[in-house]
Amino acid sequence: MSTFPAPLDPWPAPRASGPVSGTVHVPGSKSLTNRYLVLAALADGPSYLRGVLDSRDSRLMVQALIRLGATITEVAPGTVEVTPLATTGHGAGPVDPLGDVTIDCGLAGTVMRFVPPVAALTSGTVRFTGDDAALSRPMGPVLDGLAGLGVQMDGPGLSAGTLPFTVHGTGGVDGGRVEVDASGSSQFVSALLLAAPRFRDGLHLVHTGATVPSPEHIGMTVAVLRRCGVQVDDSVPGEWRVSPGPIRALDTAVEPDLSNAGPFLAAAVATAGTVSVPDWPARTTQIGDRWRSILPAFGAQVDFSPTAPDAATGTLTVTGGPRITAPGEIADTGELAPTVAALCLLAEGPGQLTRIGQLRGHETDRLTALATEAGRIGGAVEEGPDHLVFTGLPAGAAPLHGATLKTYEDHRMATFAAVVGLAVPDVAIRDIATTAKTMPDFPEMWTRLVGG
Ligand SMILES: O=C(O)C1=C[C@@H](OP(=O)(O)O)[C@@H](O)[C@H](O)C1
Ligand SMILES: C=C(OP(=O)(O)O)C(=O)O
């Protein structure tokens, strides 16, 4: 795996001198990579994963699963072989003691939420820590869910429902029915579902709160479990039943990260250019497929051309219109919101991003961060409890002006600033290297596409 180069800090965001045009090969999906790694670590034999993402979040997941006893080896560039944990729950025979291990979650939601249920299946005392910024990310419903399933835990974060905490694995989890409030993050549901086939009685998970956000990510979890031969019943809204049983080993390729394709596609919209992303899946559970419906709201044309009739993949091409039109209300954009927000700032009229309250528990409080950084360049944004309202740039509005934008250790705040910087002079970005969380090559890829 490559090491990450250190770009300038602050990083002068390239300004587009004309329409941006090009083809961008986007690395593997973080959400799929980290789900496949977890399932492969719990599977019934060795798995082969191709096109895996190499980024901070995926490396943290690899390290976590290795600490828990999996063997993960890069056998060819971008291909890893995963030999599962020695202990995978009830009925798996005697369990070798794992001892005391510490897992660094960094700032990765997928690691801090998905790995504790796996740790509960081992025979180890597993301490979970993370970046300072991770200590305020909500974990409570996962911990409550595990406690409800009989898992022993302690540690300083437990009462507040945050890192750090310790899971005392006993080599198996009974499982059964448990209620959690997953209105704060879809990852609370995904976390419990992913390990559930290895619980003795499987899992009947009942959500007890307001709407669960990011439903696409739960759909992804259910789809990857089914792909591994696991029975999941999601026919009752807000409830999931996972049958106990083996997780079939995987031999699969990871789709490109369609959420991370967003800033590149947005570059076409922001500059009336044309950007293509090859290997776009014709059908996918990724939320990033919504670019196809979101970008036309900004006046762009979106074309999907399959590599062959009925092919599983094709090329998505976005061509920006002569004007960035006012998008109106766009709901449930989840992790796409920062990129959509950048286009809202540049649009010729108003836009509203609604039902994104869960973004307050992401890498940073993204609603406040977006409103603050937009204000720094003269953008008019009103922040509500779970929404943002943008005035845009109607005729006669004062133009946006340059500033050094903060990123709050948030990769998507960094790419937000890069999109804005295409159209606004003299934007510099603090800590562009934070994009290494999911796309270490972002500075180079961006410079190559938009010009230095
Ligand atoms: O399960 C996943 O891979 C993710 C779920 C979503 O979390 P939320 O439901 O907290 O938005 C998403 O925003 C995050 O980037 C990745
Ligand atoms: C919210 C995000 O990440 P995480 O997986 O850390 O929750 C994200 O990538 O936008």
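Note: Cβ is positioned from N, Cα and C throughout, glycine not excepted.
Listed in TrEMBL:
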- 1-22: region 'Disordered' (REGION)
- 16-445: domain 'Enolpyruvate transferase' (DOMAIN)
- LYS30, GLY109, ARG137, GLN187, ARG366, ARG412, LYS437: phosphoenolpyruvate binding site (BINDING)
- LYS30, SER31, ARG35, SER185, SER186, GLN187, SER214, GLU335, GLN358, HIS362: 3-phosphoshikimate binding site (BINDING)
- GLU335: active site, proton acceptor (ACT_SITE)
Please report the number of other Cβ atoms within 10 Å of the Cβ of ARG137 (phosphoenolpyruvate binding site).
24
By a simple count, how many Cβ atoms lie within 10 Å of the Cβ of ARG366 (phosphoenolpyruvate binding site), its own Cβ left out?
24
Under 8 Å between C-beta atoms and at least six apart in sequence, can you list the same-chain neighbours of the residue listed as 'active site, proton acceptor', or say none if there are none?
SER214, SER259, ILE287, HIS362, ARG412
Which binding-site residues, if any, among SER186, GLN358, LYS437 have a Cβ under 6 Å from ligand 2, given in order along the chain?
none
ARG366 (phosphoenolpyruvate binding site): nearby binding-site residues from ARG35, SER186, GLN358, Cα cut-off 10 Å:
GLN358
I'm trying to understand the geometry here, so how far is the Cα atom of GLN358 (3-phosphoshikimate binding site) from the Cα atom of ARG137 (phosphoenolpyruvate binding site), in Å to the nearest whole number?
11
Could you check which of the binding-site residues ARG35, SER186, SER214, ARG412 have their CB within less than 6 A of ligand 1?
SER186, SER214
Taking the Cβ of each of the binding-site residues and counting other Cβ atoms inside 10 Å, which one has the highest number: GLN187, SER214?
GLN187
To the nearest whole angstrom, what is the C-alpha distance linking LYS30 (phosphoenolpyruvate binding site) and SER186 (3-phosphoshikimate binding site)?
15
Confidence summary for the domain 'Enolpyruvate transferase' (16-445), mean pLDDT rounded:
96
ARG137 (phosphoenolpyruvate binding site) to ARG35 (3-phosphoshikimate binding site): how many Å between their Cα atoms?
20
